[in-house]
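Residues or ranges marked as region 'Disordered' by Swiss-Prot: 1-23. Residues annotated as domain 'Hexokinase 1' in Swiss-Prot, with sequence analysis given as evidence: 25-469. Under the heading region 'Hexokinase small subdomain 1', Swiss-Prot lists 82-218, citing sequence analysis as support. Swiss-Prot lists 93-102, 220, 243, 424-426 with the feature D-glucose 6-phosphate 1 binding site, giving similarity to another entry as the kind of evidence. The ATP 1 binding site annotation in Swiss-Prot covers 93, 94, 95, 96, 97, 98, 99, 100, 436, 437 and is backed by similarity to another entry. As annotated by Swiss-Prot, D-glucose 1 binding site applies to 166, 183, 184, 219, 220, 246, 271, 302, 303, 304, 305, with the evidence given as similarity to another entry. Residues annotated as region 'Hexokinase large subdomain 1' in Swiss-Prot: 219-458. Annotation source Swiss-Prot lists domain 'Hexokinase 2' at 475-911, citing sequence analysis. Residues annotated as region 'Hexokinase small subdomain 2' in Swiss-Prot, with sequence analysis given as evidence: 529-660. As annotated by Swiss-Prot, ATP 2 binding site applies to 540-545, 685, 752-753, 789-793, 868-872, with the evidence given as similarity to another entry. Sequence annotations record features per position, and here Swiss-Prot assigns D-glucose 6-phosphate 2 binding site to 540, 541, 542, 543, 544, 662, 685, 866, 867, 868, 902. Taken from Swiss-Prot, the feature D-glucose 2 binding site covers 608, 609, 625, 626, 661, 662, 687, 688, 713, 747. Annotation comment: Swiss-Prot describes 661-900 as region 'Hexokinase large subdomain 2', evidence class sequence analysis.
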C-alpha cells in the first residue's frame with residue numbers, strides 16, 4: 001500500500017491520505033465531510049511552522065506569550081556523546097511507556113565493537129498509584145529498584161542512577177528538576193511544584209536497601225537524542241512520538257535567557273505538546289479534537305499533543321467511527337457498547353489496522369472484538385479513517401520539526417543545515433508510514449535542511465545512561481583542562497615578582513653589571529616637543545622590501561610620501577658594497593620622483609638588524625638575519641657603509657643624521673603627538689621596549705644631566721633563569737625546538753612568533769589525554785608552526801557562535817565538537833592573557849622606574865606601541881593596560897598606537913637631533 005505524501009504540493013493543495021491502491025475513496029457526502037476535516041494544506045503547515053518558531057524564540061528570550069506556548073526548558077545537558085563513554089549505570093524510567101516503570105542496568109564500553117546489552121525489567125504501575133499520592137508513587141519506584149537489584153550481585157557498591165522522568169519539568173540543574181504538570185494520564189497529588197529528584201532520593205532513603213546516587217534527571221526526549229548511534233553527522237535533535245510527543249535540540253547557550261551564559265550549547269526541551277495558537281492550529285482542529293479534549297483529564301491543555309501523541313490517536317479514530325456509525329454510515333448504524341467506551345481503540349489497534357501486509361483481515365478481527373459486525377466496505381472505511389488521522393499527525397509533527405530545523409539553521413548561520421534527528425517512541429516503531437510522511441513533509445517545509453533520521457537505541461535506557469556518562473566525561477575533562485592551564489593563570493603576587501625582577505635587571509644593566517637586559521644607549525637624548533619643522537628623508541630596511549620616505553614636519557601635522565623598492569636576492573646575499581649602492585640608487589630615484597635632486601636633506605636610517613650603537617649615527621652590525629647575508633658588513637658601521645656608497649655616487653649629497661631601531665622609532669612617532677610619550681613598546685613577531693632614562697644612571701655614557709633613550713632588548717629578560725618558576729612544560733618544549741634554545745625567554749612567552757606554538761603544544765597534550773578531538777591523534781598538530789599566532793587573534797575575536805574556531809581547526813584537518821571549540825578558545829585565552837600580563841609587568845617596571853627617577857608621587861606618562869599582536873588581538877591591549885594599573889597604581893599610563901614608527905619615527909629622531917644641534921649652536 002503506497003502512501004501519497006505531501007511532496008510536490010502547491011500552496012493551498014492538500015496532502016492525499018489514500019490508504020493504499022485498490023481501496024475505494026469514500027463516496028458518501030457525510031464520510032467525505034467527516035474526513036475532509038483531517039486534511040491539512042501546505043499553507044496551513046507553514047503557518048504552524050512559523051507560529052511554533054515564533055513561540056520558541058519568545059520562550060528562549062523569556063518573553064511571555066499571549067497564548068499557551070512552548071516552554072523551551074534548559075536540560076543542563078551540555079554535550080552530545082563522543083562514543084568514548086564507559087562505565088556501569090542504573091536507569092529508572094518513569095512515564096515513557098504509559099502506566100509502567102522500567103529499571104535498567106546499562107554498561108557502556110566506549111567502543112562500538114564491544115557492546116553489552118542492557119539488563120532491564122518492567123513493572124506495571126497500579127492505577128491507584130497513578131492517581132494517588134505522590135509519595136506512594138515514589139515509594140513504589142524505590143521498591144522496584146530494590147527488587148531489580150536483588151537479582152544481581154551488587155553488594156554494597158555505590159550506584160550512579162539516571163532518572164528518565166518523561167513529564168514537563170523546570171530544571172535548575174542536571175540533578176534538580178521541578179514538575180510543572182502531570183500529563184499522559186498521571187495525576188499524583190503533592191508532586192507538581194516539587195523537585196522530583198529529591199522525592200526519589202527520599203524514597204530510596206526510606207527504602208534503605210542500596211546506596212544509589214541520583215546524578216542526572218533526563219526526560220525521554222533528551223534520552224532519545226543521547227542514545228542515538230554516532231554517525232557521519234552530529235545528532236543534535238531528539239524527537240519522541242509515543243503516548244505523547246516532544247522534541248529537544250542543542251541550542252546555543254547564549255540564546256537561552258534562563259541560563260545567563262554566553263558560551264557553548266545546551267540541550268533545550270521544547271515541550272511542544274502544549275503549543276497552541278488559535279490562528280495557526282484553529283483551522284486544523286476538528287470537532288473530534290474538541291470532543292477528545294473535553295473528555296480528557298486535562299481539558300484545554302496539551303492541544304498539540306492530543307493531535308499527534310499515541311495516547312490519543314486511537315481515541316480520535318474511535319470518535320470518528322462513533323460519529324459515522326450514529327449517522328448510519330458504518331455497521332448499519334449499530335454501535336456496540338465497547339465502541340462507545342472511551343479508550344477501547346488503542347495505538348496498537350490503529351497500527352494493525354493500517355498495516356498493508358494484513359489488508360483488511362486484521363481490521364475485521366479488531367472490530368469484531370469490539371462487538372461489531374463489519375462489512376467489507378466498513379473495514380475499508382475504518383482503514384481509511386486510521387490513515388487520515390495518522391497522516392495528519394505525521395504532517396503536524398513535521399511542521400513542528402521544520403520549525404526546530406529552521407531555528408538551528410538560523411542560529412548557526414548556515415546556508416544548508418546538515419543534522420541527524422534521533423527518533424523514538426512506539427508511533428515510529430509501529431507506524432512505518434508515519435516516518436515516511438514525516439520525512440516528505442519536512443523536505444517540503446525545510447528545503448535547505450539535509451536531515452537524516454536515526455532510530456534511537458533505547459533512549460530511555462541507554463540514552464539516559466549516556467547523559468550521566470557524558471556529564472562525568474565533561475567533569476573529568478574540565479578538571480584536566482583547568483590543571484593544564486593553571487600555570488598560565490598568573491596571580492598578582494607572581495606579576496609583582498616579575499615587575500621587581502625586571503626592575504633589578506634594568507639597574508644592573510644600566511650599571512654595566514651582569515644582567516639579562518642589555519640596556520643599550522641609543523644616543524637619542526630627547527623626544528619631540530612639537531617645535532620640529534622641516535623636510536626629512538627616512539630609510540627603512542628590515543626585509544626584502546626597502547622604503548624611502550619624505551617626511552614633512554609642519555605645525556600640527558606630519559605628511560609622509562613613501563616609495564617601496566625591492567631588494568633582489570643577488571643584492572641581499574651578494575657583496576655589501578653592491579647592496580648599499582643599490583640602496584643609494586633607490587634614494588636617488590626617489591629624489592628625482594619628488595623633485596628633490598641636489599638637495600641635502602637630513603636622513604634617518606631605520607636598520608632592523610642586530611646592531612651595537614656607538615653614537616646616534618654609528619651602529620655596528622652584529623649579524624645579518626631575515627635572509628640577508630651580504631658580505632663585508634658584519635662588524636662594520638652600517639652608517640659608514642651607507643655614507644661610502646653615497647660618496648661613490650657622485651653629485652649626490654645626503655646628510656645621514658641617525659640610525660634608529662623600530663622601538664625607538666615607535667616612541668618618537670607617538671612623541672610628536674604627545675610630548676609625554678617617554679616609552680616605546682613593540683609586541684609583534686618579537687617584543688622589545690625603550691624608554692627615556694636619566695643620563696646620570698647610564699654608566700656607559702658620560703654625563704650627569706639630561707636624558708638618554710635606552711633600548712632595553714627585553715626579549716632576553718629571564719635568560720639568567722629568573723623566569724624559571726613561571727615557565728611551563730610547554731614553554732620548555734617551544735624553547736628547545738627553537739633556533740636559539742635558552743635565549744630570548746621573555747620574548748618566547750610574549751611575542752607573536754611563539755604564542756601559536758605554545759597553544760599547539762597544549763592542544764597536543766590535551767589530545768593525548770583524550771580531552772580534545774576525541775583523543776584522535778592527527779598529523780597536522782605534529783607539524784611545527786602549523787598553529788599561527790594570528791589564529792589566536794581570530795579565535796578570540798570570534799563571535800559567540802565560534803565559527804572562526806571551527807573554520808580554522810577544520811582547515812587544519814581537525815574534526816571537532818562544540819566542546820572542543822570552547823576548549824581551544826580557553827587555551828588561546830590563557831596563553832594570550834599570560835603574555836599580556838607579563839608584558840604589563842614589564843611596562844609597570846619601566847614607568848615606576850621613571851617615576852622614582854624623578855622623585856614624583858604620581859607620574860603621567862604615555863607609551864607608544866606598535867606590533868601586530870598588540871594591534872590585532874582583540875583583548876591584548878586591554879589586558880596590558882589593566883595589569884599596569886594594578887602594578888603601578890601611582891602612574892597614569894596612556895597607550896598610543898604608533899603610525900609608521902620605522903618611517904615617521906626615524907624622521908622625527910632626525911628632526912629632534914637637528915633641533916638639539918641648532919640649540920647647541922645658539
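The backbone N, Cα and C atoms fix where each Cβ goes, and this holds for glycine too.
All features noted in Swiss-Prot, drawn onto the structure.
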residue	record	DSSP (3 states)
95	D-glucose 6-phosphate 1 binding site	coil
543	ATP 2 binding site	coil
687	D-glucose 2 binding site	strand
713	D-glucose 2 binding site	coil
792	ATP 2 binding site	helix
867	D-glucose 6-phosphate 2 binding site	coil
872	ATP 2 binding site	helix
902	D-glucose 6-phosphate 2 binding site	coil
Using all protein chains in view, find how many other C-beta atoms are within 10 Å of the C-beta of residue 101 (D-glucose 6-phosphate 1 binding site). 21
Whole number in angstrom, please: the longest C-alpha to C-alpha distance across 166, 183, 184, 219, 220, 246, 271, 302, 303, 304, 305 for D-glucose 1. 20
Compared by Cα position, which of the binding-site residues 99, 166, 220, 685, 713 is the closest one to residue 867 (D-glucose 6-phosphate 2 binding site)? 685
Residue 101 (D-glucose 6-phosphate 1 binding site) and residue 713 (D-glucose 2 binding site), compared by Cα position, are separated in whole Å by 73
How many Å separate the Cα atoms of residue 792 (ATP 2 binding site) and residue 687 (D-glucose 2 binding site)? 17
Largest inter-residue Cα distance among 540, 541, 542, 543, 544, 662, 685, 866, 867, 868, 902 [record-listed D-glucose 6-phosphate 2 binders, Å]: 20
184, 426: which of these binding-site residues has the highest Cβ count within 10 Å of its own Cβ? 184
Would you mind splitting the region 'Hexokinase small subdomain 1' (82-218) into helix, strand and coil residue counts from DSSP? 32 helix, 51 strand, 54 coil
So what sits near residue 687 (D-glucose 2 binding site) in its own chain, CB-to-CB under 8 Å and at least six residues off in sequence? 681, 714, 715, 746, 747, 750, 751, 839, 867
Here the binding-site residues are 271, 303, 305, 542, 661, and the Cα closest to that of residue 426 (D-glucose 6-phosphate 1 binding site) is found at 305
Helix, strand and coil residue totals from DSSP for the region 'Hexokinase small subdomain 2' (529-660) stand at 33 helix, 52 strand, 47 coil
